[in-house]
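Input: a single structure, listed below in structure tokens.
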Amino acid sequence: MTAIRPGSVTFENVTKKFGNFTALPNLSLTVEPGTLVTLLGPSGCGKTTTLRLLAGLEHPTSGRILIGGKDVTNLPANERDVSMVFQSYALFPHMTSLENVAYGLESSGFKKNEARERAEEGLKLVGLGGMGHRLPAELSGGQQQRVAVARALVLEPQVLLLDEPLSTLDARLRRRVRTEIRELQQRLGFTAVYVTHDQDEALAVSDTIIVMKEGGIAQKGSPRDLYEAPASAFIADFMGEANVVPCEVISAENGEAVIRVAGLTHRVPARNAQPGPAQLAIRPNAVTLQPQAGGGFSGTVAHSAYLGDHIEYEIETEHGKLFIVDPAVEQSLPLQTDVSIQFKTRGLAIINQ
């Protein structure tokens with residue numbers, strides 16, 4: 001393999017319709033060379049359609065798609081200089097790992113010996129050197145996933161596309177393989193567009209996350225930006241769960257805001273807060289509970305569940321039920337206990353109305 005040639009991706013006012021249904025209305029986005037960008041969102045948000053348009057498996061109704069600055073809008077998939085890792089890996093069960101990786105090269109016109117050499121190099125890149133003789137059934141799920149990545153990378157694409165590549169793995173293996181994907185992308189420096197509905201997965205692997213909703217971009221930013229500074233209640237809840245309650249921003253200056261919630265004032269990071277009515281997003285682990293209700297923000301324990309290293313509570317308040325995660329497992333609160341709710345310094349975000 002020669003050096004990786006990471007390419008950029010640009011969507012310019014792309015619309016995709018299926019009959020009378022508009023899946024993507026006027027979508028514009030960019031992916032910088034050498035970065036891993038995740039398209040994240042619930043089912044039906046348009047992320048898979050976006051990936052298929054980029055791959056050339058679908059064509060836009062209007063707008064332009066560019067890869068590495070080249071207009072590929074009307075090019076077929078085999079002329080786009082992208083490779084895809086499918087959800088199912090799509091490995092041939094009767095072929096060895098080496099033969100699977102070499103298959104795309106041979107189909108692209110490489111001679112068998114050269115294809116084999118490149119395939120061996122590709123397997124080494126993903127940590128499977130010396131395992132080319134094994135059939136897919138003789139590999140773990142994570143190893144099969146790496147074979148699929150190697151098969152895509154040996155074609156030296158400008159952009160690697162990953163369509164929910166970890167969805168068939170169990171939870172423990174997903175954590176390990178997502179770390180391997182991120183390490184490989186950073187080490188080799190290829191451009192990757194990654195589709196998932198799993199928020200933890202997106203936070204772990206991405207340089208940039210694009211959260212999609214109803215065919216559009218709800219918010220784009222770094223994992224930390226989206227988690228700590230959500231632009232809407234939808235983003236706050238989608239990126240790791242949040243309790244959203246009404247508040248009033250009294251003042252915001254020098255990076256700090258003074259807010260009023262349930263008659264009490266609190267100081268939180270201001271970010272882009274503006275004085276006036278707003279919403280406060282509260283992460284489940286951003287509060288402490290005290291077993292006595294006084295003035296201010298208080299509630300009653302409506303439900304609890306012991307989960308080993310923490311307890312999950314539902315607290316009934318005047319603003320509805322709050323979902324709380326409490327690490328103090330030795331001090332579980334009985335049902336119907338009246339509690340006061342106190343905010344920690346982190347895990348709070350103001351959402352402007």
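Glycine is no exception: its Cβ is also placed from the backbone N, Cα and C atoms.
What Swiss-Prot records for G41, P42, S43, G44, C45, G46, K47, T48 is ATP binding site. If you take the C-beta of T48 (ATP binding site) and look for same-chain residues 6 or more apart in sequence within under 8 angstroms, you find D163, V195.
As annotated by Swiss-Prot, domain 'ABC transporter' applies to 9-239, with the evidence given as sequence analysis.
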Check your understanding: When you tally the Cβ atoms that lie within 10 Å of each candidate's Cβ, which of the binding-site residues (G41, P42, G44, G46) has the highest tally?
Key -> G41
Check your understanding: For the binding-site residues listed here, S43, C45, K47, which shows the highest count of neighbouring CB atoms within 10 A?
Key -> K47
